[in-house]
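Notes for the one structure printed next.
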Amino acid sequence: MADKPDMGEIASFDKAKLKKTETQEKNTLPTKETIEQEKRSEIS
């Protein structure tokens, strides 16, 4: 099968070439209090 990965390439991969990135939370879920406030404001 030609679609199998080249294990030699994986074994010789240098992790030092990877760049270190800082991950940031982008879409945080709202708290229960925030959801309740929004529900109350929609009703009134």
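For all residues, glycine too, the Cβ spot is worked out from N, Cα and C.
Positions annotated as compositional bias 'Basic and acidic residues' by Swiss-Prot: 1-25 (among others). The compositional bias 'Basic and acidic residues' (1-25): residue composition by secondary structure is 8 helix, 0 strand, 17 coil, according to DSSP.
The feature region 'Disordered' is assigned by Swiss-Prot to 1-44. Non-local neighbours of the region 'Disordered' (1-44) in the same chain are absent; no residue 6+ outside the stretch has a CB under 8 Å from one of its CB atoms.
Annotated N-acetylalanine per Swiss-Prot: Ala2, in sequence order, evidence recorded as similarity to another entry.
The annotation N6-acetyllysine is assigned in Swiss-Prot to Lys4 (among others). For Lys4 (N6-acetyllysine), no same-chain residue 6+ apart in sequence has a C-beta under 8 angstroms from its C-beta.
The annotation phosphoserine is assigned in Swiss-Prot to Ser12 (among others) on the grounds of a large-scale study or a structure entry. When other Cβ atoms within 10 Å of the Cβ of Ser12 (phosphoserine) are tallied across all protein chains shown, the result is 8.
Among the features that Swiss-Prot reports, N6-acetyllysine is placed at Lys15 (among others). Contacts of Lys15 (N6-acetyllysine) defined by a Cβ separation under 8 A and a same-chain sequence distance of 6+ are given as none.
For Thr21 (among others), the entry in Swiss-Prot reads phosphothreonine, with the evidence type similarity to another entry. A simple way to gauge crowding: the CB of Thr21 (phosphothreonine) has 6 other CB atoms within 10 angstroms, across all the protein chains here.
Using a 10 Å Cβ-Cβ cutoff, Thr23 (phosphothreonine) registers 5 neighbours. Residues annotated as phosphothreonine in Swiss-Prot: Thr23 (among others).
Swiss-Prot lists 33-44 (among others) with the feature compositional bias 'Basic and acidic residues'.
Positions annotated as phosphothreonine by Swiss-Prot: Thr34 (among others). Thr34 (phosphothreonine) carries a helical DSSP state (H, G or I). The Cβ of Thr34 (phosphothreonine) has 10 other Cβ atoms within 10 Å, all protein chains considered.
Under the three-state DSSP scheme, Lys39 (N6-acetyllysine) falls in the helix class. Lys39 (N6-acetyllysine) counts 9 other C-beta atoms within 10 Å of its own C-beta, drawing on all protein chains shown. As annotated by Swiss-Prot, N6-acetyllysine applies to Lys39 (among others).
A sphere of 10 angstroms centred on the C-beta of Ser41 (phosphoserine) encloses 8 other C-beta atoms. Annotation comment: Swiss-Prot describes Ser41 (among others) as phosphoserine, evidence class a large-scale study or a structure entry.
A distance of 27 Å separates the Cα atom of Thr23 (phosphothreonine) from that of Ser12 (phosphoserine). Candidate modified residues: Thr21, Lys39, Ser41. Nearest to Ser12 (phosphoserine) by Cα distance: Thr21.
Looking at Ser41 (phosphoserine) and Thr21 (phosphothreonine), their Cα atoms lie 40 Å from each other.
Between the alpha carbons (Cα) of Thr21 (phosphothreonine) and Thr34 (phosphothreonine) lies a span of roughly 31 Å.
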